[in-house]
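These notes are about the structure you will find just below.
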Amino acid sequence: MDFYSSSSTISRGMGEPDEPHVLAVDDNLIDRKLVEKLLKKSSCKVTTAENGLRALEYLGLGADQEHSTNGNGSKVSMIITDYCMPGMTGYELLKKIKLKCKQESSILKDVPVVIMSSENIPTRIDQCMEEGAQMFMLKPLKHSDVKRLRCQLMQCQ
């Protein structure tokens, strides 16, 4: 599996104990790196995935994984995902995470999911919020957006 983390598995425990861990999902490498950089500047640990399937695998919700007992899910404080991605949209990823949380007593049920998109389409925003997204943000993300995310993370911890 190709996951990109801001810290290696050896130094995983070396960060601040209250350092939030964000799973950032985006098929565009530049956007993924931008989100990662902004979040790291705000003292977040960041793991990135290039698509929805990789994100589900990381969270222990992949098709070949029976239960969401993969240790990674418990370590994630927030999931931020692009809306438009090939294979599985951010909306579909959101639905799969929320459905899994309803089916099982999942540790992910309290993890906020934030959708980001370069397109400001009200029906899309409404659809994501109705499905359980915590926030919908326009890309490219700015430092002020990350401040809002950080504030949201502090409420959820």
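Every residue gets a Cβ built from N, Cα and C, even glycine.
Per TrEMBL, the feature domain 'Response regulatory' maps to 21-154.
According to TrEMBL, the feature 4-aspartylphosphate maps to Asp82. For Asp82 (4-aspartylphosphate), the Cβ neighbour count at a 10 Å cut-off comes to 23, with all displayed protein chains included.
Model confidence over the domain 'Response regulatory' (21-154) stands at 89, taken as the mean pLDDT rounded to a whole number.
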